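Feature annotations, courtesy of Swiss-Prot:
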- 1-20: signal peptide (SIGNAL)
- 52-128: domain 'EMI' (DOMAIN)
- 56-118: disulfide bond (DISULFID)
- 70: N-linked glycosylation site (CARBOHYD)
- 83-89: disulfide bond (DISULFID)
- 117-126: disulfide bond (DISULFID)
- 132: N-linked glycosylation site (CARBOHYD)
- 156-362: region 'Disordered' (REGION)
- 200-215: compositional bias 'Pro residues' (COMPBIAS)
- 231-243: compositional bias 'Pro residues' (COMPBIAS)
- 252-269: compositional bias 'Pro residues' (COMPBIAS)
- 302-355: domain 'Collagen-like 2' (DOMAIN)
- 306-327: compositional bias 'Pro residues' (COMPBIAS)
- 348-357: compositional bias 'Basic and acidic residues' (COMPBIAS)
- 390-441: region 'Disordered' (REGION)
């Protein structure tokens, strides 16, 4: 605790000793006028010097932003070139590649000097001196002088002691703590009847703790203007402007000089004609590059020229008669198999046939049915393997058409049970008996 109290006191004493050495800071009038300080010539001769001697330069470190080059970028720029001569023409568009630097925002530390109050002074004009060791010692001396005068006044006002040894009448003075303030005089009894003799002055007491922090000072003056930052990168190239109006046509130039005399003409019997020549104008002032045609009546006479180039081909002639038929070509490949047509409507139910003879037993009938089914299966397998030609049309009533239909159904729907296959392929016994009866008739 004592160390914490002594450290601020030691700092204050060091600052006061530095200020008490009488350091003076002479500044130019231009620097003071820049920050709004009064001129040294205004007022009395000593007032100007006293108003600026408490200002000092303080080094302040600031962080400012700046742009730093960070590589480069390639940009393709479109360039429009307008017409360089009057009249209608197309604008020329070209492209060029530009390499320009790129920038990024960076921060740097800048050290600048600012005018502020010197250590130990405050206020708007730095004329208020802070509490320091010098002022504290002056106040201590003044307090010691005042205490000595008070003691002299107390000794002069003290009454003489009585001649006899009788004790003075005692009164009931209020309780007073003499150990806390031994030399203090109570206000209730300013003149006691009997007091102890005044002893010698004691040593000065210890310095008390520092007082509370004072209120914040006034706002400082405005600092100097910062340095001008670097120039920013160039902006993008703007779009080309609109096409200008065509200029006025120039004045016609003066007539050219007469040409040289021509050759003498041929005889009157020679053919006559007109010669057209293109001669550029002699006027170069207006920059007109158009060609002017001049018609000169001249008599042509000379040998016939070379043969001209052949003319363009004529239109195609009429279509000729058809030629004889050619030899028959080779037989083509077999076409793809067509899709299966839709199933036809069921036929009309036939007439009821004669009843079959019941002489045959049931075992023989079942054996026949089994043999028939076996034969049909063999035929189906032959068709699947390709022994029989699938394009050949089977004869009606031979049983091959039924086997072929069963083969197609099996290919589309897969294998079916034997009973279902027998029911789809083979006719019933009644139909068989009807067929036998019709064959007998």
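For all residues, glycine too, the Cβ spot is worked out from N, Cα and C.
Secondary structure counts, DSSP: the compositional bias 'Pro residues' (200-215) has 0 helix, 0 strand, 16 coil. There are 20 other CB atoms within 10 A of the CB of residue 126 (disulfide bond), with all protein chains counted. Put plainly, the glycosylation sites 70, 132 were compared by Cβ crowding within 10 Å, and the winner is 132. With respect to Cβ neighbours within 10 Å, the disulfide-bonded residues 56, 83, 89, 117, 118 differ, and 89 shows the lowest count. Cα-Cα distances to residue 126 (disulfide bond) place 118 within 10 Å, out of the recorded positions 70, 83, 89, 118, 132. Per-residue pLDDT, averaged along the domain 'Collagen-like 2' (302-355), amounts to 80 for this model. For the domain 'Collagen-like 2' (302-355), the DSSP counts in helix, strand and coil order read 0 helix, 0 strand, 54 coil.
In this structure, the C-alpha atom of residue 56 (disulfide bond) lies 6 angstrom from that of residue 117 (disulfide bond). Across the fold, the C-alpha of residue 132 (N-linked glycosylation site) and the C-alpha of residue 118 (disulfide bond) stand 14 Å from each other.
Cα of residue 118 (disulfide bond) to Cα of residue 83 (disulfide bond): a span of 72 Å. The helix, strand and coil residue counts that DSSP assigns across the domain 'EMI' (52-128) are 1 helix, 56 strand, 20 coil. Spacing of residue 117 (disulfide bond) relative to residue 70 (N-linked glycosylation site) is 42 Å (Cα to Cα, whole number).
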